[in-house]
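Quick notes on the structure that follows.
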């Protein structure tokens with residue numbers, strides 16, 4: 001069954017084959033983890049959301065409609081779990097940025113500057129409304145097409161385009177300071 005397609009694995013899971021869902025997750029775990037990280041405010045939230053999403057996918061696999069890809073279906077479940085958690089929490093927590101997530105710098109001053117820049121950009125990104133941030137992350141950071149993003153989020157392509165455009169304008173306003181070369185060290 002390891003060589004089966006994603007749709008075959010999901011169908012096998014629905015029929016009760018014990019290892020089918022595990023194989024499906026093995027194939028997509030990295031992508032799903034990255035999706036949870038990009039959609040959540042912290043690694044802890046991402047882990048909780050991913051766990052909730054996978055439990056939900058496991059439980060509701062029989063509702064999968066074969067006209068979409070299994071990966072897109074799983075992606076949408078993860079995104080929805082993250083958005084549900086954000087709505088439940090209502091209050092935003094501090095952004096988790098650690099030196100481990102930063103690129104290695106040659107000089108200590110560069111490492112601190114990179115860390116600071118990452119903080120500012122992360123803060124600007126997380127200041128966006130959830131719908132705008134998600135559309136922008138999926139199209140710009142994950143490299144998904146507008147059509148794929150629209151399908152995954154269950155909205156029209158025009159909605160994705162307008163959310164991305166609004167997000168870019170807001171980010172540009174928040175990060176205007178960096179356009180002046182004199183402000184960069």
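For all residues, glycine too, the Cβ spot is worked out from N, Cα and C.
What TrEMBL says about this one:
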{"type": "DOMAIN", "residues": "24-90", "note": "domain 'RNA polymerase sigma-70 region 2'"}
{"type": "DOMAIN", "residues": "122-171", "note": "domain 'RNA polymerase sigma factor 70 region 4 type 2'"}
Number of helical, extended and coil residues in the domain 'RNA polymerase sigma factor 70 region 4 type 2' (122-171), per DSSP: 41 helix, 0 strand, 9 coil
Residues of the domain 'RNA polymerase sigma-70 region 2' (24-90) by DSSP state, where helix covers H, G and I: 56 helix, 0 strand, 11 coil
Arithmetic mean of per-residue pLDDT over the domain 'RNA polymerase sigma factor 70 region 4 type 2' (122-171): 90
